[in-house]
Each structure stands twice: as structure tokens, then as C-alpha cells.
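*Asks:* Encoded as C-alpha cells, here's the structure I'll be asking about.
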Amino acid sequence: MMMDEDVEQASLMSFNDRPRAFPNMRSKTYSPLIFRIIRKLNVRVLSIILLFCFGAIFYMGASTSPIIVFVFTVCIISFLLSIYLTKWVLAKDEGPPEMVEISDAIRDGAEGFFRTQYSTISKMAILLAFVILCIYLFRSLTPQQEAAGLGRAMSAYITVAAFLLGALCSGIAGYVGMWVSVRANVRVSSAARRSAREALQIAVRAGGFSALVVVGMAVIGIAILYSTFYVWLGVGSPGSMNVTDLPLLLVGYGFGASFVALFAQLGGGIYTKGADVGADLVGKVEQGIPEDDPRNPAVIADLVGDNVGDCAARGADLFESIAAEIISAMILGGTMAKKCKIEDPSGFILFPLVVHSFDLIISSIGILSIKGTRDASVKSPVEDPMAVLQKGYSLTIILAVITFGASTRWLLYTEQAPSAWFNFALCGLVGIITAYIFVWISKYYTDYKHEPVRTLALASSTGHGTNIIAGVSLGLESTALPVLTISVAIISAYWLGNTSGLVDENGIPTGGLFGTAVATMGMLSTAAYVLTMDMFGPIADNAGGIVEMSQQPESVREITDLLDAVGNTTKATTKGFAIGSAALASFLLFSAYMDEVSAFANVSFKEVDIAIPEVFVGGLLGAMLIFLFSAWACAAVGRTAQEVVNEVRRQFIERPGIMEYKEKPDYSRCVAIVASAALREMIKPGALAIASPIVVGLVFRILGYYTGQPLLGAKVVASMLMFATVCGILMALFLNTAGGAWDNAKKYIETGALGGKGSEAHKAAVTGDTVGDPFKDTAGPSIHVLIKMLATITLVMAPVFL
């Protein structure tokens, strides 16, 4: 798509003569305690502390493996690059004062909610850490842990420390996503007055900063834990723990990351969609005013929600995905290396860390490939922003194929099976292709350039009911291709792994599960660039809101509308990517759970027979959990939206001058209502997700004790996990795609199709968009986290079920 001259070269004229309805709400910027402490330190003291920390990290890495040193080096370089991207973005101008005022209010709202939300989450995390400590002090140990002298107390402290570190890193990942978004949005708005390309580049680099930090922290956090435990426990020395058993000590890290990600996604999703739905129902439908109009009392809450829901929550979500995938792959790699009696198993265990280190390198190249702004005096059309992002993604994919092949040859070559590395390289290629197909499928079903969304828009012309029917049917249909893709990927990767030539002492092939692990790594090998595209969406959305509220020329709004439409598509495609990776990661975690049960029970645990009534009931409970969780998440958005609607209606009735710009809306009141409701509503579905597998496992463990079935608790939980994963994948695909399609059908009509804004088709499309909001931004993304968190909970609690 090409943009016209008047879109590319927007007017810079001042609009100060237009009426405004916006108060200056700026207050002191919030930052977490750890950052405030660092700021107060003397520069020399801080430098010495950093040098000491880096020295300690590299010492532990050198004492562990040269591979860990490579991982540490890449992560630190990526952090330095992210600092460069931050400075580059913050060096851009913020535009006129009216833009800055709006941006400041959004920043205040986002940081205020973040502070309250994460304070609540941290208290719950500390309480859960205490529960885990008590449970682990009375749990059983694996024979290998007992032989290595690892007592219950030591095991408990290690798991709790890993849990708290995972929770902390996940929280920081969320904060980083929000921090950059609330500072980049106004700079994108300002750049849109000059050039669409400049606005695009700022949004991409801001998203890139967050992505590199999130992925880098996931990798370096696990690497630090691994090397610390390796040195501390004397792994590899006579009488100590075997290196192949070490990854089991890391499961707490994945659980901590999942715990924070779930509540971040729930709270952020309820906030953003409660505000969005409430603002749309009264503003667009009842009052007939445009989106992001300054007369709407809920508009600031809506814009704040983009940051806490789409940026902070998505950062924590992908952090958790990567952490869970790395840990499960390390467990499976260690198990396979032990079965095959590979002389140096470190390559198979540390392979996931190296893959994601290369991810940081190639994604950085992809981000920097989005070239700078042309001279503003050059009046020529530019490429479609989606095409620009797609070129960067294609470059990243090509580099991923090359680096993945090099990584497999470097780390997975073994004399026992000289060609095994090539089979695993093909497994990685399967994962990379799967990721690309998932992105394409999501784009096809949610981009208004393609038939499905246009058909949905056409259905809007005959009323609200036909819009809803068409959207639901589109969402249901959209599950078919992804499921077929996942099925082919799992079977292909398993077959390639099984035929790699790696066999156990009985000559039985053992590489199948590790092959699926490698495919999952391949799918996530471009995660940093995918997260960049995801972060681009809410930044562009916020920029459009700032432009609308500051009443900039229509040509500027056209640029931000275009970026916003592309952002909607990238958000939808990255959600497809996220659920695909969650599906493969959950399969890995399920396999890792079975390996862990085998290790603790000291008996083979390879099959789950659903013909056993209790096991079948566990599966039913898992499927039910997905539906009940989704219902509670959507209902939470509905209740929050009702509070917002009542407040906005009250303000319009009591302050009739708002519509004529004679009175200012009370924006802060809506922000407070949404924040309070989101924090209140996130507890119930979150508690359901955490308590369900633990309660089910304990109940059936007791039942198994009295019926002479010692592994019944573990089997029922395995069945619950299996069914919940299958139902969760399908439900998330339906919710994400239907919601994204409804949103872009509305955007398509707003471009002028089928009567444009204000038409009957547009009103029906707004209804569909309203229904789709909690689907795609609350329930759907939360299910991504839920199915992985169920797996990490079972990994941590597996000894309790025996």
C-alpha cells in the first residue's frame, strides 16, 4: 500500500486556537525501588558494583562452561544495545505542549496502576514462596539428589530462590515494556507531523528496546541460576550431583515467571478492555463522538490500558514463554543425554540458552534494518508499514536458519551419532517454518486486506446480529489451520529426533522428545523481533490517541491511523505466534513433568491411560478449567466496563458543557475506577488457575493411597494438564482471532468502506469490536499464560502428588 503526499508530509501548523478539554495531571514519575536505589548511588560506587557483579558472573560462567561465558557476553552486549536504542528514542522531540500534557497524564496513570498492581502481586508471590518452602521441607527427594547429599532444606531453599528470582525478572520485564511505551508514544505522535517513516522507526526501536531486555533477562537469569548452582553444589565432582539432573532445580524459576505473568496479563487485560469497552459504548455508540476524543471521560483510562495491558503484560507473557521453554528443553536434553550416556552432556543442556543468545543477535539486526527517516523535504510516497516490518522479519528468519544450523553443529554433535546434529537442525527448521506459518495464518484472518475480515465487515452492513454471527464463525474456523500446523510440526520434529541415531543402552531411539524441544526453540528463535512487532501496536495506538486528543490536522491522524491498523495486525499475528509457541512449550513441559515423576518415584512413568475413570475425570476438570477461567476473565471485563459506563454517563449528565468543550471531564475518576476494578477482579480467575492443579493432585493422591494406586495423583494431574492444554490452545485461537478480526473489520469500515464512520455498518462493527475486546486482550492472552503455568506448577509440585 502506498501513502499519499499529504499523509507522508503532514502539516505542522499550530492548533492552539481549538478548544481543549485536558488538565495538566503531571506528577512525580514513578520507578521501582531498586531503580530509585541505583539512581542515588555515586557513579563510581555504581561502576564498582557493576564491575564486581560482571566479574562474579563471568567467574561462575568460566567455572561452569565456555558456553555460559558466550551466553553472558551476548546478553550484556544486547543490554548495551538496548540502552543505545533508549537514548536514540528519548532524543526525539516530544512535540507541542498539548501533546506532552496528554502523554504525561497517560504516564501517570500507567505508572500508578503498575505500582499498585505489582505491589499486590509481590505480596502474593512472597506468600506463595512461603507455602512452597513449607511443602518442600516435607517432600521426597530423587535418588540422585539423595546420593548427592542434597537435603530437603537445601532443595526447598533452592526452589524458593529460583521462584522469587523468576517472579522478580518477570516483573522487571513487564515494567520495561510499560516504561518505554509511555515515553515513546508522544515521540511517535510528534514524528507523525513530519514523516510516517520516522514515526514507524521510533515505534519499532522503542519496541526493540523492550524486546531485547525481556529476552536477555530470561536468558541471563536462567544462565546465572544454572552456573550458581553448578559452582555451589560442585556439580561434576565425585559424589556430587550429575549435571544432567541440575535442570530440575530450575523449575521454580519458570513457576515464578508464570505466576507474575498470569496476574500481570489478567490485571492489565481487565484494565485495558474495561476502559476501552466503557469508553466505546458511551462515546462512540451513545454520543457519536470519535475514538480518543478529549470529551470522553474514559479516554485517558483507555490509553493507559494500552500500556499496562498490551506492553507490560505482553512483556511478562513472552518472558514466561521463553523461560518455560528453556527450562523444559534443558530437562529433556539432560534426560536424553543420560539415557544415551553421552560423554559431555553440557551441549544438549545448554543448547536452548545459545539459541536465544543468537536470537538476540539476529533480532537486533532485524530491528536496526528498519531504516531511518528520509529528508522531510522529499515528497514521495512510502511503503506500507506492514511491508517494512515484514522485510525485517524475513531477514530475521533467514539469519535464524543460518545461526540455528551453526548452533546444532557446535553443541549437538556427538561421536555416538555423527549425523544427529543435522536431524536436530531440521527440527529447528520445522519450528522456524511453523512460526512463519502461524504469523501468516493470523495475518490472513485478521488483516483487512484479506477476505475474512472484509466478509465480516460486509456482514456488519446488515446489522449487529449478523456481525456477531460472522465473527464467531470466523474465530471457530480459524482454529483449523493452526491445529493442523502444530500437529504436523510435532510429528515431524518427533520423527526427525527419533531417527537421529541417538539410542539408549537397549538400542531404543530416545531423541524424539528432544526433537520437539528443538522445534520449539526454532519457533522461538526470532522471539525478540516478534515481541518488537507486538510492542509496536500499543505504542502506535497511544500515538493516535495523543494526536486525536491534541486535535492535530487530519493528515497527521491519517498517519497514526495507518500505523494503528498495522499495529492491530501485528498484535494479532504475534498472539498467533504466542499460542503456537505455548502449544509446543506445553508439550515439552508435559514431557518434562513425566520425566520428573519418573525421577522422584524411581519407576517408569511414560503413559497416561484415560480409560481409568479417575484419570478421565482429571481430563474433564482440565477442560472445564479453561472454560471457567475464560468466563471469569470476560465477566470481569464486563463488570469493569459497566462501572466505567455508569461513570461516563454520570459525567455527561451532570456536566452538559463537556460536549461543547466548556467543561473538563474528570479523567482521573475513570482511571481510579478501572484500576480498582482490575485489581479486584484479577484475583478470582488467578486463584482458580493456581489452586486447581494442586487441589486435584492432592485429592487424588489421597484417593490413590486408600485404593492402592500410588501414582494416581500424578496420573490425574497429567490428564488434567493434557486436556487443559488442548482445550486452551483451541480456545485461545478462537478468542484471539475473532477479537482481532472484529477490531480490524471496524478499522476497515473507518477507512471509508461500506459507508465509513457513523454509518449503520460502522455501528454494528463497533458492537463486534466491543465483544471482541475481552476476547483478544484479556481472556485469550491469559490462556497462553494459563496453560504454561499449569505445567510449571505441576513441575514444582510433582513430588507432592506422589
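Start at 1 and count along the chain as shown; that gives each residue its number.
Each residue, glycine too, has its Cβ placed from N, Cα and C.
For reference, Swiss-Prot lists these features for the protein:
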| type | residues | note |
| --- | --- | --- |
| TRANSMEM | 45-65 | transmembrane segment |
| TRANSMEM | 118-138 | transmembrane segment |
| TRANSMEM | 160-180 | transmembrane segment |
| TRANSMEM | 206-226 | transmembrane segment |
| TRANSMEM | 246-266 | transmembrane segment |
| BINDING | LYS273, LYS776 | substrate binding site |
| BINDING | ASP276, ASP773 | Mg(2+) 2 binding site |
| BINDING | ASP276, ASP280 | Mg(2+) 1 binding site |
| BINDING | ASP306, ASP541 | Mg(2+) 3 binding site |
| SITE | ASP310 | site 'Important for proton transport' |
| SITE | ASP317 | site 'Important for proton transport' |
| TRANSMEM | 348-368 | transmembrane segment |
| TRANSMEM | 386-406 | transmembrane segment |
| TRANSMEM | 421-441 | transmembrane segment |
| TRANSMEM | 511-531 | transmembrane segment |
| BINDING | ASN568, ASP743 | Mg(2+) 4 binding site |
| TRANSMEM | 615-635 | transmembrane segment |
| TRANSMEM | 716-736 | transmembrane segment |
| SITE | ASP777 | site 'Important for proton transport' |
| TRANSMEM | 782-802 | transmembrane segment |
| SITE | LYS788 | site 'Important for proton transport' |
*Asks:* Near ASP743 (Mg(2+) 4 binding site), which recorded positions out of ASP276, ASP280, ASP541, ASP773, LYS788 have their CA within 10 Å?
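*Replies:* Taking ASP276, ASP280, ASP541, ASP773, LYS788 one by one, the ones whose Cα falls within 10 Å of ASP743 (Mg(2+) 4 binding site) are ASP773.
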*Asks:* Sequence gap of 6 or more, Cβ distance under 8 Å: name the residues on the same chain that satisfy this around ASN568 (Mg(2+) 4 binding site), in order along the sequence.
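*Replies:* For ASN568 (Mg(2+) 4 binding site), the qualifying residues are THR446, GLY537, ASP541, GLY740, ASP743, ASN744, LYS747.
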*Asks:* Which range out of 118-138, 386-406, 615-635, 716-736, 782-802 gives the transmembrane segment (511-531) the most CB pairs under 8 Å?
*Replies:* 386-406
*Asks:* Listed binding-site residues are ASP276, ASP280, ASP773; which of them have CA atoms within 10 A of the CA of ASP306 (Mg(2+) 3 binding site)?
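*Replies:* Within 10 Å of ASP306 (Mg(2+) 3 binding site): ASP276.
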*Asks:* For LYS273 (substrate binding site), which of the listed recorded positions (ASP317, ASP773, ASP777, LYS788) have their CA atom within 10 A of its CA?
*Replies:* ASP773, ASP777
*Asks:* Is it true that the transmembrane segment (206-226) and the transmembrane segment (421-441) have 3 or more CB pairs under 8 Å, sequence gap of 6 or more?
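*Replies:* Output no: the transmembrane segment (206-226) is apart from the transmembrane segment (421-441).
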*Asks:* Hey, which of the recorded positions ASP280, ASP317, ASP743 is the loneliest by Cβ count within 10 Å?
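*Replies:* Across ASP280, ASP317, ASP743, these recorded positions, the one with fewest Cβ atoms within 10 Å is ASP280.
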*Asks:* Any chance the transmembrane segment (246-266) and the transmembrane segment (386-406) are in contact, meaning at least three CB pairs closer than 8 A with a sequence separation of 6+?
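*Replies:* Checked: the transmembrane segment (246-266) vs the transmembrane segment (386-406), no contact.
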*Asks:* As a test: from 160-180, 348-368, 421-441, 615-635, pick the stretch that has the greatest number of Cβ pairs under 8 Å with the transmembrane segment (118-138).
*Replies:* 160-180
*Asks:* Check the transmembrane segment (716-736) against each of 160-180, 348-368, 386-406, 615-635, 782-802 and return whichever range has the most CB pairs under 8 Å.
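*Replies:* When the Cβ pairs under 8 Å are tallied, 615-635 comes out ahead.
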*Asks:* Considering only the recorded positions ASP276, ASP280, ASP773, ASP777, LYS788, which fall within 10 Å of ASP310 (site 'Important for proton transport') when distances are taken between Cα atoms?
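*Replies:* So the list reads ASP777.
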*Asks:* Do me a favour and check the Cα-Cα span between ASP280 (Mg(2+) 1 binding site) and ASP777 (site 'Important for proton transport'); whole Å is fine.
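*Replies:* The Cα atom of ASP280 (Mg(2+) 1 binding site) is 15 Å away from the Cα atom of ASP777 (site 'Important for proton transport').
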*Asks:* Write down the Cα-Cα distance for LYS776 (substrate binding site) and ASP276 (Mg(2+) 2 binding site), rounded and given in Å.
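*Replies:* Roughly 12 Å, rounded to the nearest whole number.
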*Asks:* Roughly how many Å lie between the Cα atoms of ASP317 (site 'Important for proton transport') and ASP777 (site 'Important for proton transport'), rounded to a whole value?
*Replies:* 12
*Asks:* Can you say which of 160-180, 348-368, 421-441, 615-635, 782-802 has the most Cβ pairs under 8 Å with the transmembrane segment (386-406)?
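*Replies:* Top-ranked stretch among 160-180, 348-368, 421-441, 615-635, 782-802: 348-368.
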